[in-house]
Amino acid sequence: MSEILTRSGLRVGSPAVYGGAAACLVLLVLPFYLDRFWLQAGLFAMAAALGAIGINLLTGATGQLSMGHAFFLAVGAYGYCAFAGDGADGLAGLGLPGWLAAVLAVALSGLAGGVFSPIAGRLRGAYLGIATLALIFIGQHVLFNAHDLTGGFNGRAVPPLSLFGLTFDDTELLVAQVPFGAVEKLWYLGLALLLGGVLFARGVLRGRPGRAMNAIRDHRIAAGVMGIPVARYRAAVFVLSSMYAGLAGVLLALVFQRTVPEYFGMALSLEYLAMIVIGGLGSVAGAVAGGVFVSLLPQLLNRYSDALPLVSAPGTGGIAPGEAARYLYGAAVVAVVLFLPGGLARLAARRPGKPGSGKSPKTPMHTPNTPTTTEPSGEAR
Amino acid sequence: MTAPPPPPGEHIPALEVRDLTVRFAGLTALDAVGFTVRPGTVHALIGPNGAGKSTCFNVLSGVYRATEGSVRLGPHELTALPPHRIADLGVGRIFQNLALPPRATVEDSLMLGRHRLTRTGFVAAGLRLPSAAREEARHRARVREIAAFVGLEQQLARPAGSLPYGQQKLAELARALCMEPKLLLLDEPVAGMTADERRRTASVIAGVRDSLGISVLLVEHDMGLVMRLADSVTVLDFGRRIADGAPGDVQNDPAVVRAYLGEESAA
Ligand SMILES: Nc1ncnc2c1ncn2[C@@H]1O[C@H](COP(=O)(O)OP(=O)(O)OP(=O)(O)O)[C@@H](O)[C@H]1O
Ligand SMILES: [Mg+2]
């Protein structure tokens, strides 16, 4: 039993447990201290982390590249609007309760992934990446042109979510003398969703499906020979990844309170790829770290643009904060690829004194004296 | 060496390869090759480099499509099946070059061999259902048994990539055993091993045959090992079968001597 606990990293009394508990506590009280700007930035980070978990399951853990992640975020965001909208703004809407609309929007993203999954199952690696580009083009075309559904260029307003009689809008709710508006309430929803998303993904990765996914990434042919239905697994992971993207899309829409088409373009897909590279390919912690880093960076630069050299408010001569953020995480991607394989997550795991890093010194690393030349894993020999 | 207790007595089928031909653009890698692996025997498939041994394995495990011919395992025709369906019939294989994930622990690598025997899907694993935990625990116990059988019980917690080459090959053999196969395809299992590891591997293979009754098809360049282990031998050269029979007979077959010694005796 103790062995099982150690494996899942949950040793009672270990520093990791105390650290985690403290972090949770801090996250829970933040809405009482932070202003709207920071809460909103935090919510973007949570949504980004959820989306990044999705693409990390696909790209990091299974080795399947996707350029179409933004498309599934859009399906989630617009799907929610269409299911929850009451049609008062002249746009198609079913007027469903908010929570049901959110669930259906995630299901719709999964369905969209399922429709694409025959392709996702057959194509591997970079080839899938190229095929998924089509999703971005189709998505952008539909978002800009299907006015009745999407509101076209101007997008559509996002109906507030309601859950257990609580409406996540700006009608103020006084909690311990602190007025709770939409962001404060959504903060807790975001935390709950992220926690659920993290736990689910970790369960998948540590269990039988995760082993099969990694086997497909590392040795595709051997995976098949080991009894793993490779195409079916790839398709299933693609659907799961789309559902995470859909959930991220719903949360983003609720925070933005308006969905606009240009947000869901190519650049967003690339941002998600940057997140998992910076955070660490294949791990949930990496996805969360990368998601938070990439989504908070522009916000930080925005807020402190006065204090930073070269960076200044848009249109005043210097580099706009958004632009500066792009340069920075562009540089971060290159730096991680060159100097920090494994990303931020690996960096944290390498810290001395942390359980897990203690294993390596005890076991001297043998360099395998490979007599045969290492061939690409695809080679079936 | 005694093997871990066999899974509930299953019928071990014969493997029959008939007129198997594989052509790559312009190259005939296998030319109407046929042989039979009798249930519960070690059958060696030998021949010089490029003879077509690995190509034959790739057809048997569904990785390559045969141009012509048939491969039957008991009542099943294998040439039309995808790799995972062939694995489901109980065909385990190790690759000539390592196919172990480098960073996963040895234990997790072996758990991959249990894939076909387990059921936990995305939902059960994601929600950590008790059924998933029970299944996981049960199969980890069996994996430890098999690791002990091949002598890797001390290495279970280490990343597979950190083991010496010979032990990695042993881990791959253990992973194939974790599939509880009825037929094992071993492509050069002792290549790159130390003398000690070779002895251990040989006794594992003999133990598998003797106490589990599993059929083994063995490709190996180590003739000493082949002659000691094999019950029968098929010799390939340039994709053709040049000899087939008991180890002693094959060893003295002039065609085989010629193939192995090359131009020297042809001159
Ligand atoms: N995918 C392929 N495409 C083209 N030719 C191939 C392919 N696979 C194998 N061959 C060719 O088929 C022939 C037989 O190769 P194979 O790998 O089966 O030999 P082998 O008997 O396993 O040799 P070794 O003892 O060196 O492993 C070789 O000439 C090889 O180049
Ligand atoms: Mg070979």
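One is the number of the first residue shown, and numbering goes on along the chain from there.
Cβ atoms here come from the backbone N, Cα and C positions, even for glycine.
Automated prediction, rather than curation, is the source of TrEMBL annotations.
Just so it is clear, the model here is predicted, and its values are computed rather than measured.
Per TrEMBL, the feature compositional bias 'Low complexity' maps to A:361-381.
Among the features that TrEMBL reports, region 'Disordered' is placed at A:350-381.
Taken from TrEMBL, the feature transmembrane segment covers A:12-33 (among others).
TrEMBL lists A:39-58 (among others) with the feature transmembrane segment.
Marked as transmembrane segment by TrEMBL: A:65-85 (among others).
Long-range contacts of the transmembrane segment (A:97-119) within the same chain: residues 68, 71-72, 75-77, 79-80, 83-84, 128, 131-132, 135, 159-163, 167-168, 234-236, 238-243, 245-247, 249-250, each at least 6 residues beyond the stretch ends and with a Cβ under 8 Å from a Cβ of the stretch. What TrEMBL lists as transmembrane segment is A:97-119 (among others).
Annotated transmembrane segment per TrEMBL: A:126-144 (among others), in sequence order.
Long-range neighbours of the transmembrane segment (A:186-205) within the same chain, counting only residues 6 or more positions beyond its ends whose Cβ lies under 8 Å from a Cβ of the stretch, are 27-28, 30-31, 39, 42-43, 46-47, 49-50, 53, 56-57, 61, 161, 163, 168, 213, 240, 244, 247, 251, 254-255, 282-284, 287-288. What TrEMBL lists as transmembrane segment is A:186-205 (among others).
Nonlocal intrachain contacts for the transmembrane segment (A:235-256), taken as residues 6+ away from its ends with a CB within less than 8 angstroms of a stretch CB, comprise 40, 43-44, 46-48, 50-51, 53-55, 57-58, 61-62, 64, 66, 69, 72-81, 102, 105-110, 112-114, 116-118, 120-121, 158, 160-161, 168, 182-183, 186, 189-190, 193, 197, 201, 204, 209, 213. What TrEMBL records for A:235-256 (among others) is transmembrane segment.
Listed by sequence, the residues of this chain that lie at least six past the ends of the transmembrane segment (A:272-297) yet keep a Cβ under 8 A from its Cβ atoms are 41, 44-45, 47-53, 55-56, 59-61, 65, 67, 69-70, 194, 198, 201-202, 205, 214, 217, 325, 328-330, 332-333, 336-337, 342-346, 348. The feature transmembrane segment is assigned by TrEMBL to A:272-297 (among others).
Marked as transmembrane segment by TrEMBL: A:327-349 (among others).
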